[in-house]
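The structure is given below, and queries will be raised subsequently.
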Amino acid sequence: MSEEKVYQVPADIAAKAHVNAEQYAAMYQRSIDDPQGFWAEQAETFLTWSKPWDSVMDYSFQADDLHIKWFQGGKLNVSYNCLDRHLATRGDQVAIIWEGDNPEEDRKITYRELHAEVCKLANVFKSRGVKKGDRVCIYLPMIAEAAVAMLACTRIGAVHSIVFGGFSPDSLRDRVLDSECKLVITSDESVRGGRHIPLKKNADTAMLECPNVETVVVVRRTGGKVEWTEGRDIWYDEAIAAASAECAPEEMDAEDPLFILYTSGSTGKPKGVQHTTGGYLVYAAMTHKYTFDYQEGEVYWCTADVGWVTGHTYIVYGPLANGATSLMFEGIPNYPDMSRFWEVIDKHNVAIFYTAPTAIRSLMRAGEEPVKKTSRKSLRILGSVGEPINPEAWEWYYRIVGDERCPIVDTWWQTETGGHLITPLPGATALKPGSATRPFFGVVPALVDPAEGTLIEGPGEGALVLSRPWPAMMRTLYGDHARFADTYFRQYPGYYFTGDGARRDADGYYWITGRIDDVLNVSGHRLGTAEIESALVLHPHVAEAAVVGYPHDLKGQGIYAYVTPMSGIEPTDELKKELVAMVRGEIGPIAIVDIIQWAPSLPKTRSGKIMRRILRKIAANEIDSLGDTSTLADPTVVNDLIENRLNK
Ligand code: WT7
């Protein structure tokens, strides 16, 4: 082992685990030597199919012949796999524990109850003209109805597109239009940290420019006042009360689309990542079981929002396919106080807890006391996701939250990958704080020298690519297969390019170093610099803007904007405030610009391309390593930017 600190697998965990170290090695080898046989077995083990597939896998990673297909010809239904097939054996088991923002509010929903509610909503969707293949937008807070809506879509073969409840009306509009949704489901308001947010009002604003939306279903969450569009809007509770609880599951092809989820890229507008039915669900179920070593009867809690892929795969689809009890939390980590997470763990006997480094870092600031006053005895496994976890946060999570008993699975993956790709398995993998460790079954990561395009063998650092498909990988970008090919397969021919950089150590462990494209990761949320720049230049006083990330103690990355005002415009603090508000208004509260530096001009090459490398260095206050500036059209521009830099 290399010089980093290593935590061996605890003996008690290994003894009970689904996969120990020897089994991991053997299964991994098999998944590489005989992928067809391996995945056929997994698909049979984890899911119930109404018709077996004709071929396990067929793919090409060549940009000009790009296609990825799994279990072609196989037929199944996702809601059947997540609900119906459990009814005989676990109908009365709790499927979802809902914990409200207010600690006094909670709700337990059994598999039987969830099944009935899903069928009813599916019938409501049908009665409003939603058919197989139609798109439905889900714009809901973290309430059980979000899971119901997802599963109701899958019941009838509709494709859901969830828009995170924190996104602005403009972001919602863009996504609804891009995927041509005909129905939107939202709630009167959402509740977070005791505050009410007017979700229906946002949806109404977005709908002004979405003429194809025929129906807006409104869940009554708070009873807050809402505007009503007669003929278009219907109350969820009233519609459900009138609907039948019988709804036969639509038989879907393994490669039929399951959902679209928008995510930010390095250029242009967010792209609609499209996942399909069979492969996604096999992989969701399998990774949920093995990565978290989920054991029958355990309460499992993933703190993500269903608006992100983590919520899709690891609150709803993976856990429910496995018949697990999944906790869904409406609130935030610091409300009513800094002990909330740990109180919830004690209240519901949570065994597996999966959260983001940004949450851990902010809780760490409150010290040990809010953690230590709780028991956390029920905890067995901890997980981390969304961004690289710094070793200090890892150690705190391990020592203070897990009492040095609970392995931490640091799971690396992406919206595009559908499920975990590089992650420890609790019973199999020795841990190194800050490393996502080793690939999951069937996954073949590789590192490429970004300058030479050559493969790096052994220890080294480079662009992280994947050599082979896995069942849950995205199939295309909704409506834009060419962009799919260009974004992920053009740069390193024959490989899927992740956008991340990584280092591989002498033990073959992977250490994700972060994005190496123009994508930011702010508090585990992905934002494109191009999106933020477009929002900034909407302001009439802005001539030009360039946005980069910089290291931020709490958020991982902060947003640093260089802004050139229109000539004759006085750059004031007032204007800065307007710009911050502008970006927030355009994208949503996750997009808060931290620093705005006025830039008389931006460093550009002679062909007019902004040299972001230099802007990143200045924002990070690393001015000794600016690199070559001689190719700039006007190298003196840099001096002004250095002199007036704001992160010193
Ligand atoms: C990007 C994907 C996948 C779930 C949530 C984010 C970063 C994610 C880790 C990790 C280091 C990580 C990467 C990746 N990331 N997990 N464990 N260690 N980095 O999904 O919004 O699609 O973002 O998040 O940079 O590319 P996403």
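Placed from the backbone N, Cα and C atoms, the Cβ positions cover glycine too.
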Per TrEMBL, which one of Asn334, Asn349, Asn621 shares the CoA site with Arg192, Gly193, Gly194, Arg195, Thr310, Ser523, Arg584?
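As annotated by TrEMBL, Arg192, Gly193, Gly194, Arg195, Thr310, Ser523, Arg584 share the CoA site with Asn334, chosen from Asn334, Asn349, Asn621.
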So TrEMBL lists Gly386, Glu387, Pro388, Asp410, Thr411, Trp412, Trp413, Gln414, Thr415, Asp500, Arg515 for ATP; which of Arg399, Arg483, Arg490, Arg526 goes with them?
Arg526
Quick check on the binding-site residues Val537, Val542: which one has the highest count of other Cβ atoms within 10 Å of its Cβ?
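Counting Cβ neighbours within 10 Å, the top one is Val542.
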Between the Cα atoms of Gly386 (ATP binding site) and Ser523 (CoA binding site), what distance do you get, rounded to the nearest Å?
8
Check the binding-site residues Gly193, Gly194, Thr310, Thr415, His539 for any whose Cβ is under 6 angstroms from an atom of ligand 1, and report them in sequence order.
Thr310, Thr415
How many other Cβ atoms are found within 10 Å of the Cβ atom of Trp413 (ATP binding site), counting all protein chains shown?
25
Can you tell me how spread out the CoA site is, meaning the largest CA to CA distance among Arg192, Gly193, Gly194, Arg195, Thr310, Asn334, Ser523, Arg584, in Å?
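Greatest Cα-Cα span of the listed binding residues: 24 Å.
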Give the mean pLDDT for the domain 'AMP-binding enzyme C-terminal' (531-609) on the 0 to 100 scale.
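It averages 96.
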Could you give the number of helix, strand and coil residues in the domain 'AMP-binding enzyme C-terminal' (531-609) as assigned by DSSP?
21 helix, 27 strand, 31 coil
